[in-house]
Amino acid sequence: MFDFASYHRAATLADAINLLADNPQAKLLAGGTDVLIQLHHHNDRYRHIVDIHNLAELRGITLAEDGSLRIGSATTFTQLIEDPITQRHLPALCAAATSIAGPQIRNVATYGGNICNGATSADSATPTLIYDAKLEIHSPRGVRFVPINGFHTGPGKVSLEHDEILVAFHFPPQPKEHAGSAHFKYAMRDAMDISTIGCAAHCRLDNGNFSELRLAFGVAAPTPIRCQHAEQTAQNAPLNLQTLEAISESVLQDVAPRSSWRASKEFRLHLIQTMTKKVISEAVAAAGGKLQ
């Protein structure tokens, strides 16, 4: 049995917010794939629980008439993978979700939980960055919307107050023509492993040039990051291997990996350059282009 000091199952989103406000020590339980591990190890910071996994307000994937998308924060990774809307409009997010753990974990682990735990290795963070998502956050003070870029503030830290709940992700309309995206993850095992390096790219093409590139990396810095120098190098550059090489050099100005038992800093830098070329090449191919 888990050593709960208090356990509350919220009936509504408003109920959950009030429960958090009334108990500053409380932690949210959605999928439970992270929280239950902490409970198993008797982490005292997780003895007060507010259960939100059944809240309808946190579920669902919807497509608006203007092409924008809303994904509830308690949407599971299996639901992300299987939904035709995400398959069509956010393929890199689906690819990232497929790379997470195994089917049993994906059936319960939530998109919002993966982002809010603040890990730089969170596989869903890089596609969320390249698709320019905004986060809908509720609290006793009302509702605020914040960009995903900057939401991660440090290792294991996000811009979320104790009494705030991430309710949904909002994605702007994605371009339909001459645009493509891709995700790639390197890990020591092919499945059931944490990323050594993860990345995602989104590009738009115009008459043989990059009109836009968005490139994001995880485990390449203390937080998931967008690679501004690499993106600027691609701006209006010709669609050729020389440009790809220049991007893979400039990305080194954006990253700051460290050595760990998983990989040395030097190996991670090598991976970053190699994966930059791979993920951009795949995004270009998805956009109908070809690097000459």
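Including glycine, each Cβ sits where the backbone N, Cα and C put it.
If you check Swiss-Prot, you get these features:
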- 27-34, 109-113, I165, F184: FAD binding site (BINDING)
- 1-176: domain 'FAD-binding PCMH-type' (DOMAIN)
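Annotated features, which come from Swiss-Prot, shown on the structure.
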residue: K27; record: FAD binding site; DSSP (3 states): strand
residue: T33; record: FAD binding site; DSSP (3 states): coil
residue: A109; record: FAD binding site; DSSP (3 states): coil
residue: F184; record: FAD binding site; DSSP (3 states): strand
Those binding-site residues listed as Y111, F184, and which of them has the most Cβ atoms within 10 Å of its own Cβ: Y111
CB within-chain contacts under 8 A for G113 (FAD binding site), separation at least 6: A30, G31, T33, D34, S73
T33 (FAD binding site), number of other Cβ atoms within 10 Å: 20
